[in-house]
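Enquirer: So TrEMBL says this about it:
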DOMAIN    1-240  domain 'Glycosyl hydrolase family 59 catalytic'
ACT_SITE  Glu89  active site, proton donor/acceptor
ACT_SITE  Glu165  active site, nucleophile
DOMAIN    248-363  domain 'Glycosyl hydrolase family 59 central'
DOMAIN    399-572  domain 'Glycosyl hydrolase family 59 C-terminal lectin'
Amino acid sequence: DGTEPSHMHYENDENYFRGYEWWLMKEAKKRNPKIKLIGLPWAFPGWIGKGENWPYDYPDITAYYIISWILGAKQYHDLDIDYIGIWNERAFSSKYIKLLRYTLDKHGLEQVRIIASDRLWEPISFVMMIDSELHGVVDVIGAHYPGTKTVQNALLTGKKLWSSEDYSTFNNDVGAGCWARILNQNYVNGNMTSTIAWNLVASYYEELPFGRCGLMTAQQPWSGHYKVESPIWITAHTTQFTQPGWSYLQVDGHLEGGGSFVALTDGLGNLTIIIETMSHNHSKCIRPPLPNFNVIPQRATFYLRGSFYMVETLQVWHSRLDFESGNSSLFQRLNPVQVWKGRFSLNLNVDEVYTLTTLKTGQKRRCPEPPPPQPFPSNYKDDFNIRNPPFSEAPNFADQTGVFEYFVNASDPGDHVFTLRQVVIQRPITWVSDADQTISVIGNFKWVNMTVTCDIYIEKPRDGGVFIAGRVDNGGIYVRRTKGVFFWVFADGTYRVTSDLAGQEILMKGLAGVRDNAWHTLTLNIQGNSASGLLNGYLLWENVIISKPGNGWAALGTRSFEFAQFDNFHVE
């Protein structure tokens, strides 16, 4: 649901302080030093493909780019990357994977393991079976949204099998049911020993394509409001009582009345059992489709053997998702269960999760109430005048194509030393279709009437151009079809008003007298079904009829992948 800045925008460029991921990884390690860190490219900067939308023509360059990121993580943030992937949900190249392993080893990164291919089980499993060298360098087969199932070839490789991306479901109680079911059944049905949720926290505008598809919601940085959603407490049933490195016990985890259980051990005598009884309609994930099944209330008896025969009591944590009243009970500590001669029984209702464990460390802390929710400020200004910004990008702007960064304009002695600059000047090797224009959105999607003002600076002579916009209706994977009211000015002195980001649906055009390498002020005013535009405070066009969209964000951007600067942004 947006773009992230690369550590190498250009061939001769390296910067390990862009974006939020470095901060995020360090915060994660503070909370659990044992947490694993995985890198996976979605897109690559265009220079890697030398103009082709393909990262494998120059595999040595791609490997160098990836290894730079791993080394930068260590050098600048003391972060050890544990695993590295190939290309998210796109083709893999066996030649590249082998070269990546060779290059990792050459740089002393033998401990970094390789996951492939973050797509489907095939063809990677089949190719590994017939290519022994590839089999030797891939440590984990990662599949996306496997629907708790694997395939024969994947099992035959003998490799670790992971659901390396899953969930992606709206984070209400059905999302929690989805997450509870696949956390168990990915192992029970598919032998997968890791399940990774996309995404961690929904911290992006909710109206983007995958709104609230995170384990919790924190999408109001301006108010500080957040919500710990039910999938977080479902996660706790597993993650508070296991760690990376624990092993699944090879039991058949299907329950007779429907539902599943898994058992894990640290190998030091500790045992954790997680049970889920999610019903079909209350545990549908966004993908793939879920075949019908039945779950009924049942009494289940568990038998502990071997060293676990000596266990006398198990701590109990319980959640019940209530779809009738909406009064779900989440992650509550119940009385311990007494184990008698290695056996105990439990009455299981539908839509429940139990954790039974020898660990006494579980906790559900009372946290202070977050600040109340508030809409995005209806009068918002940013002059980008910040000397040592904590992040490389301005707050609240959500880049959807291109990257907009704080910039120190050393050549300008006047009012525009600190600006916001679009810095991607070549179309990336894309994951989905980025727009041909760059765009960053901001504000409240429900806005109807608005005035957007911004100082703009076109850097590209002749065919350069920039825009400001309102009522912008789309982003993420649908950014190419974005509509709104777009006010463009171009380096050739012309202007346009269009109802689309692509610039095809022209509502008005004419001469503006704007030139490149000079500052100008654009103002876009949208009221009801009419819009007008000002240049440097003077009316340039008016009475342009707007049909739809009827609401949306404010935005700014450029005509192509080109340098351009913005300053003194104001929306009201």
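Heads up, the Cβ atoms here are built off N, Cα and C, so glycines get one too.
Could you place the listed features in the three-dimensional structure?
Expert: For the domain 'Glycosyl hydrolase family 59 central' (248-363), the model gives a mean pLDDT of 97.
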Enquirer: In sequence order, what residues of the same chain, 6+ apart, have a Cβ less than 8 Å from the Cβ of Glu165 (active site, nucleophile)?
Expert: Asn88, Asp118, Gly142, His144, Tyr145, Ile196, Trp198
Enquirer: With DSSP as the reference, give the number of residues of the domain 'Glycosyl hydrolase family 59 central' (248-363) in helix, strand and coil.
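Expert: With helix first, then strand, then coil, the domain 'Glycosyl hydrolase family 59 central' (248-363) has 5 helix, 51 strand, 60 coil.
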Enquirer: List every residue in the same chain as Glu89 (active site, proton donor/acceptor), at least 6 positions away in sequence, whose Cβ is under 8 Å from its Cβ.
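Expert: Listed in sequence order: Asp118, Arg119, His144, Trp431.
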